[in-house]
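First the structure, in the form of structure tokens, and then the observations on it.
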Amino acid sequence: MAKTYNAGVKEYRETYWMPEYEPKDSDFLACFKVIPQDGVPREEIAAAVAAESSTGTWTTVWTDLLTDLDYYKGRAYKIEDVPGDDAAFYAFIAYPIDLFEEGSVVSVMTSLVGNVFGFKALRACRLEDIRFPLAYVMTCGGPPHGIQVERDKMDKYGRPMLGCTIKPKLGLSAKNYGRAVYECLRGGLDFTKDDENVTSQPFMRWRDRFLFCQDAIEKAQAETGERKGHYLNCTAGTPEEMYERAEFAKEIGTPIIMHDYLTGGFTANTGLANYCRKNGLLLHIHRAMHGVIDRNPHHGIHFRVLTKALRLSGGDHLHSGTVVGKLEGDREATLGWIDLMRDSFIPEDRSRGIMFDQDFGAMPGVMPVASGGIHVWHMPALVSIFGDDSVLQFGGGTLGHPWGNAAGAAANRVALEACVQARNEGKEVEKEGKEILTNAAKHSPELKIAMETWKEIKFEFDTVDKLDVKHK
């Protein structure tokens, strides 16, 4: 018997609300935090999100008969209350894997956070988490190299790596910029970094910066006997220009380059990650613009989703927040997305905001980068929070040392090694941090001065985007 077509508008929940559905291992699962307009039932708005982010539109169309909608449609299968928030609820939606292009984070994001976020029936909508099925994960390139390969390339083991963002971030000439890089690296840092908005400006063109920074790396390596690097920002206005900068960085022998993955876009990021994998370059990822997307607790995309998307798109480092510094970051939530960067399998853990199990299989991990308003007094907490597989990046906390960049770098290196040694001896580094640093400073005048300089500096502001479990 032929299918019949009934024109007109019908409620979304007639087709897309399926509370009896059992998600498959191959399904994408998404958790949206939703605030509907007044009078719109929860089931209807959950079904509307499922429809508008998959196969549905505002009216029935005859071409629905030309495909198997029951297979391809998104399914709203569960609704939950949000702790401490009577206005919002969680809508859980399952999507068949065939809705998304293989290996394309762009395809996934276009569907899940596309037009649906402008839907009039929604007052607010936030994508809290995605479960990427392992079958899909295996189609993505992931990090160009990963944590272990980076350690082997840089010949650094048993401790976090140390970095520094060169300041002032804008205005220096290429030669003065390179001098600042050299002083930091010879003082004891492993890496220095372009800030996110350092690209190719009239005061410092990219090619000049690359050359002076590479000279600084080679000179510092010769003096210290350690491998060094500087994150050369290849973010550009066009993909062609981005690849030209990456190619030049490879030619001069730099070990690591950088990309602003949100402003640059996932297409550019995945392409650059593929280039780095083929050409032996490490890739540092900055998250500039994330606060626009993830900070509002009711609308946007949670950073844990952006973290997963970056791991699939490709990057060896990713800025993760610090918990203790100047930037936004709830401790438990931060620990959750650090696990999502590094671990192979991350179980559901609502206490950290992780809504689904996530299996990355054999995909390499991403090194979290703690950066933003940190100094030597934060070192015990940073070592405790981030562990060894991380980069602790001090900008002003290096360059602001009264004795100069090299002294600031030396202070950070001494503080780091003292904390790592104390941890390895079984001490509770966070609780005993003051004593650990004070003892280390007896043998390091650079550390002593740094501790005196920043002893009163704190960033004690309440977190805006708290975990929902903390609102109870």
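Cβ coordinates come from backbone N, Cα and C, glycine included.
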Per Swiss-Prot, member of Ser54, Ser351, Ser371 binding substrate alongside Asn115, Thr165, Lys169, Arg287, His319: Ser371
Listed recorded positions Asn115, Lys167, His319, Ser371, filtered to Cα within 10 Å of Glu196 (Mg(2+) binding site): none
Of Lys193, His319 (the binding-site residues), the residue whose Cβ has the fewest other Cβ atoms within 10 Å: His319
Binding-site residues listed as Asn115, Thr165, least Cβ neighbours within 10 Å: Asn115
Other residues, Cβ within 8 Å of Lys193, Asp195, Glu196 Cβ centroid (Mg(2+) site): Thr165, Ile166, Lys169, Asp194, Asn197, Val198, Tyr231, Asn233, Met258, His286
Cα proximity to Asp195 (Mg(2+) binding site), best match among recorded positions Asn115, His286, Arg287, Ser371: His286
When distances run from the Cα of Lys193 (Mg(2+) binding site) to each of the binding-site residues Asn115, Arg287, Ser371, the nearest one: Ser371
Surrounding CB atoms that lie within 10 Å of the CB of Lys167 (active site, proton acceptor), all protein chains: 16
